[in-house]
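Since the structure comes first, as structure tokens, the remarks are kept for the end.
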Amino acid sequence: MEPMLLLILVAAVVLLFVRWAFVYGHRTSNMPKGPPTLPFIGNIHQIPTQYTHIKFTEWAAKYGGLYMLKVGNGNMAVVTDRRLVKEVVDRKSGIYSHRPHSFVSHELITKGNHLLVMHYGDQWRTFRRLIHQHLMESMVDSQHVKIVNAEAIQLVRDYLVDPEHHMAHPKRFSNSITNSIVFGIRTADRNGSNMKRLYKLMEEWSEIMETGATPPVDLFPWMKMLPQWMFSNYVNRAKAIGVQMETLYTDILNKVIKRRNGGQNLGTFMDRVLDGQEKNDLPWHQLAFIGGVLMEGGSDTSSSLTIAIVQALILNPAVQKKAHAEIDAVVGSDRSPVWEDLEKLPYINMIIKEGHRWRPILPLCFPHALGEDDWVDGKLLPKGTVVVINTWGMHMDPSQPDDPAAFIPERYANHPQLAPEYAAGKWENRDHYGYGVGRRICPGIHLAERNMFLAIAKLLWAFEFQRGEGKIDSDPVTGYHNGFLYCAKDYPCRPVVRNKTIRATIEREFATATKEVFSQFTEG
């Protein structure tokens, strides 16, 4: 080959490589703006591995309510604008309801059977339809509220007799409600075996899904070929979590089937699903996962929010004082609050909404993925773009009248309704984004609203929450764990029962709940 021709070929290859380097990892001019990128990696080096919502909120202040990050050659759109959430993600939910593919989560752990990460399609629709039928508002009010009320009085009693383990009691409360409704198997105390297995599983899954815990194989598929020992044996660890997950779900399903074979059909969620198997024809692994997914979703969300609200109450005694006055005027000491008291206890509803806003359980909604190209405010979001809803950024919007960092329930004085009303309404009046957005909004929203009202109303009726020994760190970074869910680290708490009559009422109502409600269920 002639030297000149060889030189031309080499120059052409170099030019193509340079051009590719500047295209790969860079956004195009018709996309939303965002932080400066580097060739090949885009913005990967700038995305923190922990408390990502803090950085995303900083970028929103600089680049606006919709900006684009380049993750390798992939696209990530971050939405921190209430209008866009409604007009784009909600109203175009048919193309915004997909999930980004995850090799670790989809292929190694769940095999695509977990509703949280399940791709948008027929299986997802079947799961959502079955869940909706059992957790629609009318069903919750007619069948499930009595269980929630009973478990809430045990929650109060647990704080009374075992204040040392106050961080565990909300977990037992929410887990027992969910397991009773889904399987007919309640969690009688904080040492329940099913609950311990579940929280161990969720902790390990959360750890392996944290940014940086595994190689970025979804961005650079060639990294799957590298020996896994280079990355803490992530494949084996993920598969072990998957086995742990499937084993737990299957064990509990088998208990339901054994009970049914003995002639006991309790009308639980899984009883209804099994009754409809001739029509639904779910494979065995999907039967196990549909119940297990509900157990997961209902166990850690309400509990984490309850823990955050109790922390806020300790730090804001004036809020407690106002709540006590409202409850005393409506309820008194001879009974605890019930669901029917909701309209007469508006300040309790404000406290719960403020808890959702102040410390959202998911500061960043679980990522959506775009099913086709979309143009938003004149900017292109290509098909496959990962769409992140920055709940934290919207909740901490500095333009709101009151200090967003402060716990001020009164900011919701004009929001007397429950969250589903505002989620379906105008974006200007949305109360909070604690339950998600679009078609991926929490399917248990009606149950969760009742869980939270009865838990917080009864706890405030029963106790004055005082500081225990030691420091309370409510800082959104240093005071909170940041895994799958955003949860307060352990803090000291001293629940002081408000009077002798309330103490006697707690014991009386707990005895009634044990006899009339808890006796229906087995323990696990």
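Here the Cβ of each residue, glycine as well, is placed from N, Cα and C on the backbone.
Taken residue by residue with DSSP, C442 (heme binding site) is part of neither helix nor strand, so it is coil. If you look up Swiss-Prot, you'll see C442 marked as heme binding site, on the strength of similarity to another entry.
Taken from Swiss-Prot, the feature N-linked glycosylation site applies to N191 (among others), supported by sequence analysis. Sequence-distant contacts of N191 (N-linked glycosylation site), defined as residues of its own chain at least six apart whose C-beta falls under 8 angstroms from its C-beta, are absent. According to DSSP, N191 (N-linked glycosylation site) sits in a coil region rather than a helix or strand.
According to Swiss-Prot, the feature N-linked glycosylation site maps to N499 (among others), an assignment based on sequence analysis. Annotation for N499 (N-linked glycosylation site): same-chain Cβ neighbours under 8 Å, separated by at least 6 residues, are S333.
Under the heading topological domain 'Cytoplasmic', Swiss-Prot lists 1-4. In the predicted model, residues of the topological domain 'Cytoplasmic' (1-4) average a pLDDT of 63.
The topological domain 'Lumenal' feature in Swiss-Prot is assigned to 24-524; the stated evidence is a curator's inference.
The annotation transmembrane segment is assigned in Swiss-Prot to 5-23.
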Exercise. Measuring CB to CB from C442 (heme binding site), give everything in the same chain under 8 Å that is also at least six residues away in sequence.
Key: G297, T301, Y435, G436, A448
